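These features come from Swiss-Prot:
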- D21, D23, D25, C27, E32: Ca(2+) 1 binding site (BINDING)
- D57, D59, N61, T63, E68: Ca(2+) 2 binding site (BINDING)
- D94, D96, N98, Y100, D105: Ca(2+) 3 binding site (BINDING)
- D130, D132, D134, Q136, E141: Ca(2+) 4 binding site (BINDING)
- 8-43: domain 'EF-hand 1' (DOMAIN)
- 81-116: domain 'EF-hand 3' (DOMAIN)
- A2: N-acetylalanine (MOD_RES)
- K116: N6,N6,N6-trimethyllysine (MOD_RES)
Amino acid sequence: MAEQLTEEQIAEFKEAFSLFDKDGDGCITTKELGTVMRSLGQNPTEAELQDMISEVDADQNGTIDFPEFLNLMARKMKDTDSEEELKEAFKVFDKDQNGYISAADVRHVMTNLGEKLTDEEVDEMIREADMDGDGQVNYEEFVRMMLAK
């Protein structure tokens, strides 16, 4: 499954994995998964977290290691983002729910994920997705960017 990923995708997933893996031990626990999900505005129960982990926990040790994480991500990408998932993701970034993602919105979410970005990096992210040049990202631009992987 993970064989279909590009080197760039694997590098991105490695970075995401290390955001989840707070103690750097090479495994994601339910506690670490819960922390990240809550920072994204989700509120999963302990049972839901265990379900998510056991879904991809090939060696049944109760945690997700990087190869298991890659398989999960490859599977998720194959399921191509449903309309509902895209709407949810957009809502996470659109903090003030005005229908646009601003640089401040991106900065806020990335900071909650523990990712410190420079103003230039945030502006670059907005520029890449901003088709009409208004300095922010609307839902259509967001969908186009997410499906352009």
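Backbone N, Cα and C define each Cβ position, glycine as well.
With respect to D59 (Ca(2+) 2 binding site), the closest of these binding-site residues in Cα terms is E141, chosen from N98, D132, D134, Q136, E141. Here D96 (Ca(2+) 3 binding site) comes close to D105: these same-chain residues lie at least six apart in sequence, with C-beta atoms under 8 angstroms from its C-beta. For T63 (Ca(2+) 2 binding site), the nearest of the recorded positions by C-alpha distance turns out to be E32; the candidates were D23, E32, K116, D130, D132. In this structure, the C-alpha atom of D23 (Ca(2+) 1 binding site) lies 41 angstrom from that of D132 (Ca(2+) 4 binding site). Using a Cβ-Cβ cut-off under 8 Å and counting only residues 6 or more beyond its ends in the same chain, the domain 'EF-hand 3' (81-116) has close neighbours at 19, 36, 39-41, 122-123, 125-126, 129, 135-139, 142-143, 146-147. Cα-Cα distances to Q136 (Ca(2+) 4 binding site) place none of the binding-site residues C27, E32, N61, E68, N98 within 10 Å. Across the domain 'EF-hand 3' (81-116), DSSP classifies residues as 21 helix, 2 strand, 13 coil.
Each residue in the domain 'EF-hand 1' (8-43) gets a DSSP state, and the totals come to 23 helix, 2 strand, 11 coil.
The binding-site residues recorded for this entry are C27, E32, D94, N98, and the Cα of C27 lies nearest to that of E68 (Ca(2+) 2 binding site). Neighbour counts of Cβ atoms within 10 Å were compared for the binding-site residues N61, T63, N98, Q136, and the top value is held by Q136. Sequence-ordered, the extra residues of this chain that approach the Ca(2+) 2 site, with Cβ no more than 8 Å from the Cβ center of D57, D59, N61, T63, E68, are C27, I53, V56, A58, Q60, G62, I64, D65.
N61 (Ca(2+) 2 binding site) and C27 (Ca(2+) 1 binding site) have their C-alpha atoms 10 Å apart, to the nearest angstrom.
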